[in-house]
């Protein structure tokens, strides 16, 4: 009886797992988010030359490959340690004493996500209000953010069960696919080029600009930092490994490779269409560049903003529960839940009223948090167990050359990831708030 029950349970669990195609789609969907809509601005940060799209495309592909590799590293760690979460994988490889590091990074990621969502919601609904002729007071960005936060985001964030919001994942993906197609159409039909039907409707600051300011190579780090945000799906790597049917490491690696390849292609296309349409004027949220009278862009704004309104609580829960648990609350504890919700939502809303540039939020957040989550932490999870093992000189001497090369590779990823994080933060601040860099 016991053996039969265990067999049935195993069969049931296996039946609940995802096949290769479903896993590829779900991971690509998890990677591709609103963060990619700031990438054209990342190119504009270092150049307004059309030729800049070439090195930009190369760095999108290169960092996509590194991000895919570190995503695989987490799956390998889970396979070796039976870890079921990012934090658990860290605790079993790097050490329990420092488990607060990934936990804190998770909370910071959720805060940055909520902030980015609120900025997009404010920008999108403000543009929509202008499209439909709303009074200036109603269309004012700050008023819209406060109204939506109080009347929509707060009630949704107070929901005790978020399963009803599961549809937003597909809604968000559909909205982003439509947006990418819209951007391609507007690039090829020349509507925003000089003489195009929408060109004269753009404010001077939003009109396409090419070959006016030249290139500043150091600001390339703004795009690099944004990509850390764009590729940041690594907290869910253990989930994808665990839920993949027949989850051998080679099979998992294949799934990850296909998903990231599709994501790289999509991000490259969105970056190219946006930057090649608006050049140096590309906004931190590229949809802000499109005319409020552009019907295709209006539909894109509705699709993206609507999906983010309903996705917001899913991100906010990670922020609220993460902070509560770090402050001593037990998982699932409901005491003071409403106070935490109101207080944190008010904090995010206040921050979004001051920080209006989505590009800065994504570049600074990517440098400060994303570099760790995507590059540094997975490499450390790989290195730490081997470093402990190689303290035995005999074991170190017997190690395969390939293993030693991979250790060197990951040591390099840690070093470069830390450097990218520090320099990215500095450059993002200087590029956004000062003229020190001459742009």
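Note that Cβ sites are derived from N, Cα and C of the backbone, with glycine treated the same way.
Small disclaimer: the values here were computed from a predicted structure and weren't measured.
For 17-391, the entry in TrEMBL reads domain 'Amino acid transporter transmembrane'. The annotation transmembrane segment is assigned in TrEMBL to 53-74, 99-121, 142-159, 165-188, 255-278, 298-319, 340-358, 364-383, 409-430.
By the count of Cβ pairs under 8 Å, the stretch nearest in packing to the transmembrane segment (142-159) among 53-74, 99-121, 255-278, 340-358, 409-430 is 340-358. When each of 53-74, 99-121, 165-188, 298-319, 340-358 is checked for Cβ pairs under 8 Å to the transmembrane segment (409-430), 53-74 comes out on top. Ranked by the number of CB pairs under 8 Å to the transmembrane segment (165-188), the listed stretches 53-74, 99-121, 298-319 are led by 298-319.
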